[in-house]
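Annotation source Swiss-Prot lists ATP binding site at Ala8, Tyr9, Ser10, Gly11, Gly12, Leu13, Asp14, Thr15, Thr16, Gly117. Positions annotated as L-citrulline binding site by Swiss-Prot: Tyr87, Asn123, Arg127, Ser175, Glu259, Tyr271. According to Swiss-Prot, the L-aspartate binding site annotation covers Thr119, Asn123, Asp124, on the basis of sequence analysis.
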Amino acid sequence: MKDRVVLAYSGGLDTTVAISWIAKERNAEVVCVSIDLGQGGEDMETVRQRALGAGAVESIVVDARDEFANDYCLPTIKANGMYMKEYPLVSAISRPLIVKHMADAAKEHGGTAVAHGCTGKGNDQVRFEVGFANTAPDLEIIAPVRDYAWTREKAIAFAEENGIPIEQSKSSPFSIDQNVWGRAVETGFLEDLWNAPTKDVYAYTEDPGLGQAPDEVIISFESGVPVAIDGKKVTVLEAIEELNRRAGAQGVGRLDMVEDRLVGIKSREIYEAPGAITLIRAHEALEAVTVERELARYKRGIDAEWSNQVYDGLWFSPLKRSLDAFIDSTQAHVTGDIRLVLHAGSITVNGRRSGKSLYDFNLATYDEGDSFDQSMARGFVELHGLSSKIAAKRDLAN
């Protein structure tokens, strides 16, 4: 009986060619796993049939949209997850979910190995392989693109030589990864840092300069979870999809950044994440109202480390699990409504309300009704600056 290899199948050129290559080079049967993460585009049944046409003995499609939203996007919202303060971890949070379902498929279908189509330059090889090391350490890992130095030209030539049906051509300029949380675009002419993105780079967002009327939206949260938009109850997935549509129509969520990859190189990336960025900005605004000052300050550092852990492929690490527990504990009072305006590529918060708010109007106002006892301030200022005052006195004496 032949060994079985479970392949993470995207439907693209590299993983389509990998089916035949693994079957020939490893004398193995290939089981393809494709995950619906709300990426849109090609119908998943078309993707499944392509895998079978390329030689897979089985092709499995998993509808993981709600799971992705609830178990991967939602923790990112609670952690205000932004790598390098910009990137909302579009690809990074999807990889551990793919790993989970591939490990399940290997167990169910008798797989002895798993395979992916990642290159040796990217972060995803780490995310996949460290993920498997944590969830299914006995599985062999096959990485033909990386380990056999595949190029696009070599993959196309192999497909033509072996009669593999592919629709992709050498004219496709970009490498694209997308899901409901966002879209990542790289390579092609974008590798020259001076080249500005052209209109065809974007798909999730409209041109911010088109002059649409502003869109005002109210996002409601309960314990850090988005539960309603403009008063209408939504699931997490529905919240992301609705804000992808509305924020995307306003050109919100475009990023053009040079990113520090885990492997040590810098890479230019174009991202579109209208729903993700809108939800994170709204969540940050509500935390500013409901989370105590010292806790909020400390959480910002935890959020940054959480983002680093996830970006670096350590979703399953003990540290990341501990960070999850801390972050969840901070969300008990993050309940309320944030009103914001989406317009011309920008997000402007213009309203906040919460029954858990720490904002006290009578303490904050400078007008009549002020209940803040300003006589306490003098002593507070003296004590607050005492240690630095003593140090300054010493330094001046020397």
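Keep in mind that glycine also has a Cβ here, set from the backbone N, Cα and C atoms.
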Cα-nearest neighbour of Asp14 (ATP binding site) within the listed binding-site residues, Asp124, Arg127, Ser175, Tyr271: Ser175
Rounded to the nearest Å - Cα separation of Ser175 (L-citrulline binding site) and Gly12 (ATP binding site): 10
Euclidean distance between Cα atoms of Thr16 (ATP binding site) and Arg127 (L-citrulline binding site), Å: 21
In three-state DSSP terms, the structure that Asp14 (ATP binding site) belongs to: helix
Maximal Cα-Cα distance (Å) across residues annotated as binding ATP, namely Ala8, Tyr9, Ser10, Gly11, Gly12, Leu13, Asp14, Thr15, Thr16, Gly117: 13
Nearest of the binding-site residues (Ala8, Gly12, Thr119, Asp124) to Glu259 (L-citrulline binding site), judged by Cα-Cα distance: Asp124
Listed in sequence order, residues with CB under 8 A of Thr16 (ATP binding site) and six or more positions away: Tyr9, Arg50, Ala51, Ala54, Ala159, Ile164, Ile166
Cα-to-Cα gap, Tyr87 (L-citrulline binding site) vs Thr119 (L-aspartate binding site), nearest whole Å: 21
Tyr271 (L-citrulline binding site) versus Ser10 (ATP binding site) - Cα distance in angstrom: 19
Among Ser10, Ser175 [binding-site residues], residue with fewest other Cβ within 10 Å: Ser175
Greatest inter-residue Cα distance in Å for the L-citrulline-binding set Tyr87, Asn123, Arg127, Ser175, Glu259, Tyr271: 19
Cα-Cα distance linking Ala8 (ATP binding site) and Thr119 (L-aspartate binding site), given in Å to the nearest integer: 14
Secondary-structure category, per DSSP, in which Glu259 (L-citrulline binding site) falls: strand
